[in-house]
C-alpha cells in the first residue's frame, strides 16, 4: 500500500506548497498574471496549510502515527524540491505538475478503494503479514 | 563579539561550517550511499547467486558449517559472529574477536559446502558505511572526529536558522539571475531550509547512535561504567554471561537455530557465540528488526553447553529506551520501502548539497579584489573544496571502476580498491591547486562524470556474463549514468556560467540564457557582462 | 567593532573569539556531562530509563550552552554563566552521589 500512500502524500504536499508559494508576491507571477489581492493571499495560505495538514492526516490514517509522520515529512520535502526546481528552471511546468497531482489525488483513493487488501491490513495486523525487508526486497 | 545576537550567530555559522565542512561532506555522501549499502555490495560481487528462499534446514546446516570452520581456525577467540545466509546473500559471513588490540578475523564461506566462497575480494558497500562514521581511521579516532563534526553541524544548523532572515519569504526562492554570490546563497538556503527537519533529525540521531562513546557519564555514575549491564537492564541485549573459567564443550547449534526460528517469526540474521570453549558458552540468536521505526533486534540466548533457552528478548522496551532505538532506527531507515528510501536518499543528497554550497559560498564571498592574487588561505580552501566536492564523487566512481578492472585473483584486492578511492581523492585535491578556479571546478566535475560513465561501461563489458539478474544490474548502471549526467551538468554549468552585471540589469539579461547565447559565453566575454565570473576566472 | 580599529584591538578581538571557542567546547561538554550524570541519578525513573533519557538530552544541552556562550554580550559574562552553572551542577552531583571514586571502565 505504501507507494499509493506516498503518491497521495506527494500530491497533497505539492498542491499545498504550490498554494503557499503562489501566495507570495515574489512568486505569484509564475503561474498567474492576476493581481495578488489580500483576499487571494489569505485564501491561498489557508488552502496551502489545509492541504499540508490533510497530507499528514492521510499519511497517519493509512500508515499509522508511527510511519505516517515520517512518510509525510519525506514527501513534503520531495514535493518542495520538485516545486523549487520547476519554479526556477521552468515555471510553466508547474501547471502540469499541479494537473498531475490532482489526477494522482483522484487516482490514489480510487485504487485504495478498489483494492480490498488494505482494509484487513491495518498497521496492528502487520505482524502476520511478512514485513517488507530492508527496502522491500 | 561583533554586534548583536544575529551577527554573532552569522559569524559562528560561517566559521563552524567551514572548519568541519569537508569532513561533513564526506560523511553526508558516504552516509547517503549507505542507504543502498546492500545494493552496492551486491553489485561489487557479481559472482554471487541469489536464492529464492533459505529454509530452516539450510540455515541450521549453515550454522553448523560456520561453527566447524571457527572451531578449526578461531579456537582461541573470545567471541564468534556467524552471519547466516539470506536469500539476497546466500553466504556464511564469519567474524571473530580474539582479544582487544589484535585485529579481528574474517572469513566468507559458501553456504552449501562450507568452503571459502569463490567471490572477488572487496569491501563492498560496507566500506562507505564504515567510512561514514569512522573515516577509515582507527575506529575510536574516527568516531570522535565524526561526532565532534556532527555537534558542530548542529551548532551550524541552529545558528544558520537564527542567521537566516526570511525563512518563509525565501522558502521557495532559487534565484539564478542575480550575482553569483546570491545564487549560491539561495541554493544553500533552499537545500538547508527545505530539508531542515531531515538535517536536524539525521545529525542528532547520528550523534545518538554513538551516544555512549561521547557521553558515557550517566553509565559511569549509575552503573559504575558497566555498559553491558546498562544495555541488558534497558532491554537492548540479553543478559551477558561472564566466562566461568572452566572448559566446556559447545553442543551442536543446529537444534538451537531450529528452536529460534520456531519461536520468533522474523528472519534469523546471525548467531553470536561468546566464550565458545568455556563452561559458560552462550549462543545468542539475533533476528532482523520487525517492521517498525524502532531499531530493535529480537534475540534468544541459549546455554552453549546444554542448548537450553536462557532468555527471549522481543519488544517491551520502556519509553526512554524505545525513544533511543527509534532514533537509531530513523537514522538507519531500514524500515523504508523503495519509495521512502528514495526520498531519504534525496534528502541525503540535499544535505550534501547544503554543505557543498556552503563551502563554495565561503570562497565566492571572499573572492580577491580585482587584479589581486588570492591569498594562501583562499587557495587552500578552494583546493580542498574542489578536492572534496568533486574529488569524493570521483573517488567513489574510481573505487567502483577498480572493482571491475582489477584482476579477480589479485592479492590484497580489497585494499587496492580502497587505495584507488583515496588515491583519486588526493590527486584531485592536489591537481585543483594548479589551474584557474573555474577550470579546476569544471575539470574535476567532468573527470567525475567520465569515471561514472566508465563504471557503467566497464560493468557492461567485463561482467555481463556473470549477471544473474540483468535487469537489476542494468538499473544499477543506469543510476551510475544518472550520476555521470549530474556531474557533467555541473561541469557544463560552471564552464558556461556568465554572471549578470550588477546594478544595471536589463530584463533580457535576467532570463536564463538561450543555448546559442550560452555557447558564445565560451568565447571571450564582452566587457561589462562579467563581474564575479571574471574575477573567479582570474583568481 | 571598536571606534579605533588598531592592531591591538584586533588582537584582543581575536583572543576573545578564541576564548569563546574554548569556553563553548569545554564548558559545553562539562555542563552536558555533569547534567547527564546528575539526571541519571535523580530522574524519578527506573535506573536504565534515567540514564537513557539523560544521555539523549545531553547533546541538546551542549548545543544550548554553545549558543549561550556565543550570544553572550561579553566573554566575561559568558564565563560567569558557565562557571555558575558548572558549580551548581557539580555541587548537586556531589550531594547526590558523594565524592566520586574514579571508575575503571571494564
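Residue 1 is the first one shown; counting continues down the chain.
Using the three backbone atoms N, Cα and C, a Cβ is placed for every residue, glycine included.
Going by TrEMBL, these are the annotated features:
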- B:528-539: compositional bias 'Basic and acidic residues' (COMPBIAS)
- B:504-539: region 'Disordered' (REGION)
- B:12-36: transmembrane segment (TRANSMEM)
- B:144-168: transmembrane segment (TRANSMEM)
- B:189-215: transmembrane segment (TRANSMEM)
- B:342-364: transmembrane segment (TRANSMEM)
- B:376-396: transmembrane segment (TRANSMEM)
- B:416-434: transmembrane segment (TRANSMEM)
- B:441-458: transmembrane segment (TRANSMEM)
- B:470-491: transmembrane segment (TRANSMEM)
(message) Can the transmembrane segment (B:441-458) be said to touch the transmembrane segment (B:376-396) if we require at least 3 CB pairs below 8 Å and skip pairs under 6 apart in sequence?
(response) yes
(request) Can you tell me which of B:12-36, B:144-168, B:189-215, B:376-396 gets the most C-beta pairs within less than 8 Å of the transmembrane segment (B:470-491)? (result) B:376-396
(request) Would you kindly list the residues that approach the transmembrane segment (B:12-36) from elsewhere in its chain, counting only those six or more residues past its ends and only Cβ-Cβ distances under 8 Å? (result) 125, 128-129, 131-133, 135, 145-146, 148-150, 152-153, 155-156, 159-160, 163, 202, 206, 333, 341, 344-345, 348-349, 351-352, 355-356, 358-359, 362, 381, 384-385, 388-389, 392-393, 396
(message) So if I exclude everything within five residues of the ends of the transmembrane segment (B:376-396), which remaining residues of that chain have a CB under 8 angstroms from its CBs? That is, six or more out.
(response) 18, 21-22, 25-26, 29, 33, 128, 356, 359-360, 362-363, 366, 368, 420-422, 424-430, 432-433, 437, 440-441, 444-445, 447-448, 451-452, 483, 487, 539
